[in-house]
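Asker: Starting off with a structure, shown below.
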Amino acid sequence: MNKITIAIDGFSSTGKSTVAKRLAKALGYIYVDSGAMYRAVTLYAMQNDLIKKDCFDKQQLIAQLKDIKISFKFNEELGFAEVYLNGQNVEKTIRTLEVSQFVSQVATVSEVREQLVFQQQNLGKDKGVVMDGRDIGTVVFPEAKLKLFMTASAEQRAQRRYDELIERGDDVKFDDVLKNVQSRDHIDSTREDSPLMKAEDAIEVDNSNLNLDEQFELIYNLAKDKISESN
Ligand code: CDP
Ligand code: CDP
């Protein structure tokens, strides 16, 4: 059975990673969370005082990029690969609202993108990969056999993300989460380098009215069709 590359792009909190993880498991593919890599670089910048409230030392971050090593290690119990920053497991730390508030700024830096895209292409070089992000179908794997572009209303996405943060014990306000989702959508779609956009050949999935199982079924069937086509 030939393996294909599956690219899932879309706005924040549309359910990309949830469906990508489940799809990878069902197909026996690897799952790569490209957003986790941008988040890990952002965490590094925060930990090293390169990014604070109103100041971002972009040049220093570029100078220190060679010191940032991002890797993934499969966690058997969780069933997916967790992200490591210079040998430290940062899977949970990178998901805070603070990191979310700076990550889109860091993701505008072309040198950061270049380094991460190179690593992402390498991770997916043997196909059999489901990768989610913002530029996977347009820049990282323009030849991907299946490309999805996920959308849902901003309010719905913010509510989903808010519930998730509250459930894990973070002290956040709904309005701040909504503002963050809207601000990231704006920065991500308007940046010069690799803006978030639907690839011409991507299939748009609006999951505003789909639950997790319905969304999975829909995408799993699309993936099975593409896999049979390529065999
Ligand atoms: O999970 P959520 O949708 O909130 O975001 P994420 O996938 O963890 O990505 C965090 C941020 O990283 C995005 O808002 C983008 O600014 C950036 N990103 C990117 O520029 N390109 C990617 N391929 C993935 C993420
Ligand atoms: O990766 P991305 O930021 O696109 O979203 P996610 O982390 O997969 O999903 C954000 C939250 O929305 C998670 O808690 C999902 O369980 C939830 N979700 C949902 O309830 N229904 C959907 N159809 C999609 C996502």
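Glycine is treated like the rest: Cβ placed from N, Cα and C.
Where the annotation comes from TrEMBL, it is an automatic prediction and has not been curated.
In case it helps, TrEMBL gives these features for our protein:
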- G10, F11, S12, S13, T14, G15, K16, S17, T18: ATP binding site (BINDING)
- 6-224: domain 'Cytidylate kinase' (DOMAIN)
Asker: Taking the Cβ of each of the binding-site residues and counting other Cβ atoms inside 10 Å, which one has the highest number: S12, K16, T18?
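Answerer: When each Cβ's neighbours within 10 Å are tallied, K16 leads.
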Asker: Please list the binding-site residues from G10, S12, T14, T18 whose Cβ falls under 6 Å of any atom in ligand 1.
Answerer: S12
Asker: Taking the mean position of the Cβ atoms of G10, F11, S12, S13, T14, G15, K16, S17, T18 as the ATP site, which residues outside that list, in the same chain, have a Cβ no more than 8 Å away, listed in sequence order?
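Answerer: For the ATP site, the extra neighbours are D132, M150, A152, R157.
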Asker: Tally every other Cβ atom lying within 10 Å of the Cβ atom of T14 (ATP binding site).
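Answerer: Result for T14 (ATP binding site): 27 other Cβ atoms within 10 Å.
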Asker: Could you tell me the mean pLDDT the prediction assigns to the domain 'Cytidylate kinase' (6-224)?
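Answerer: Taking every residue of the domain 'Cytidylate kinase' (6-224) together, the mean pLDDT is 96.
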Asker: Cβ distance under 8 Å to G10 (ATP binding site), same chain, sequence separation 6 or more: which residues?
Answerer: K16, R134, L148, F149, M150, T151, L196, V205
